[in-house]
Amino acid sequence: MPLNLPDKLPAIELLKEENIFVIDNSRATQQDIRPLRIVILNLMPLKITTETDLVRLLSNTPLQVEISFMKIKSHTSKNTPIEHMKTFYTDFDKMREDRYDGMIITGAPVEQMDFEEVNYWDEITEIFDWARTHVTSTLYICWAAQAGLYHHYGIPKYALDKKMFGIFKHRTLLPLHPIFRGFDDEFYVPHSRHTEVRKEDILKVPELTLLSESDDSGVYMVVARGGREFFVTGHSEYSPLTLDTEYRRDVSKGLPIEIPRNYYVNDDPDKGPLVRWRGHANLLFSNWLNYFVYQETPYNIEDIR
C-alpha cells in the first residue's frame, strides 16, 4: 500500500525512480481510510538521505502510512538547507499534544560525547518520555538506541578501541519472535559506530529482552514493554553506498579509518559493495509496522496511552 508523504518532499521523486509507490498529501486525502501515523525524529546530519532510506523501508505496509518529521529546537542542522527544515519538519513543542501509531528515532554523530554533554539531551529525553504515552511503538536506531537504553534503563555505553565499521553477521536469539518473521537463521547488518552497549548489562535488567547479537559487533536488538520499545544498534536502513560514502569522506579528510569489513567485493573499494542486508532490512521494518504498530495500535488514535 502507498506511503503518504508531505507534498514535494525530495524523497518522493527519488523513490518513484525505484518504482516504490508513494503519494503526497493531496492525493491521500481522497482515500477514505485512517492511515497509520508515523513520526520520524531525524537526528542524522544528511537528513534528506536518511529520509529517503527510511521511507524506502516503510513502503511495504498493510495500510496507508502518513509520515511526519519532528525536529528539536535546541539544535540547528548544518548540513540540510534551512528551507527544507522549515517546509518538512515541525518542532516537538508543536507536536507534543499529538499521538502516533509509530515513531522512529535515528542515530546522531554525538556518540563519543557523554550523553549529558549533548546540547539537546534535556529535550530529547523529554521526547523519549513523551513517546511512552503518545506512541504505540518506538524504534530507536544506533545512537538513539544507546541513549534510550541509558535514559530508560540505566544501560551504559562503552568506547571501542576502533570504529565498528562494516557489514556483520547476526543471529536471532528468539527466532519465533514476530519481529523476526521470515528471517533466516543468520542475517547481515551494517554498523558504523565508535561505542557499544554490552550484553552483560542488558541481561541484568529484567524489563529488557536481548533478541539478536553478533560475534563481531555485539548486541544488535533489544525489546522492552512488550514491543512498545525496540532498540537497534545497527543501520539496517543504510542504502548500498552509505558506508562507501563514509569511508571515502574520512579518507579524504585524512582520518584514521579502515576499509569497512565484509562490504566491498574482495575488500576492494573500486569494485563496489556486495549488498547482503537489504532483504532483512525490509523484513525488519515491515514486521515492526505489521505486528507492533498496525496490530497493536487502537483504531481511535486518541486512545494511545
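FYI, residue positions are counted from 1 along the chain as it appears here.
Using N, Cα and C of the backbone, Cβ positions are placed for all residues, glycine too.
The annotation active site, acyl-thioester intermediate is assigned in Swiss-Prot to C142 on the grounds of sequence analysis. Feature annotation from Swiss-Prot assigns active site, proton acceptor to H235; the stated evidence is sequence analysis. According to Swiss-Prot, the active site annotation covers E237. According to Swiss-Prot, the feature site 'Important for acyl-CoA specificity' maps to E111. Residues annotated as site 'Important for substrate specificity' in Swiss-Prot: S192.
The residue listed as 'active site, acyl-thioester intermediate' sits 7 Å from H235 (active site, proton acceptor), counting Cα to Cα. Within the set of recorded positions (E111, E237), the lowest number of other Cβ atoms found within 10 Å of a Cβ is recorded at E111.
The local packing around the residue listed as 'active site, proton acceptor', expressed as other Cβ atoms within 10 Å of its Cβ over all shown chains, amounts to 23.
In sequence order, the recorded positions near S192 (site 'Important for substrate specificity') (Cα within 10 Å of its Cα) are H235, drawn from E111, H235, E237. Residue pair the residue listed as 'active site, proton acceptor' / E111 (site 'Important for acyl-CoA specificity') shows a Cα separation of 14 Å. Straight-line distance linking the Cα atoms of E237 (active site) and E111 (site 'Important for acyl-CoA specificity'), rounded to a whole number, equals 19 Å. Among the listed recorded positions, namely C142, S192, the Cβ with the most fellow Cβ atoms inside 10 Å is that of C142.
Secondary structure at S192 (site 'Important for substrate specificity'), taken from DSSP and collapsed to helix, strand or coil, is strand.
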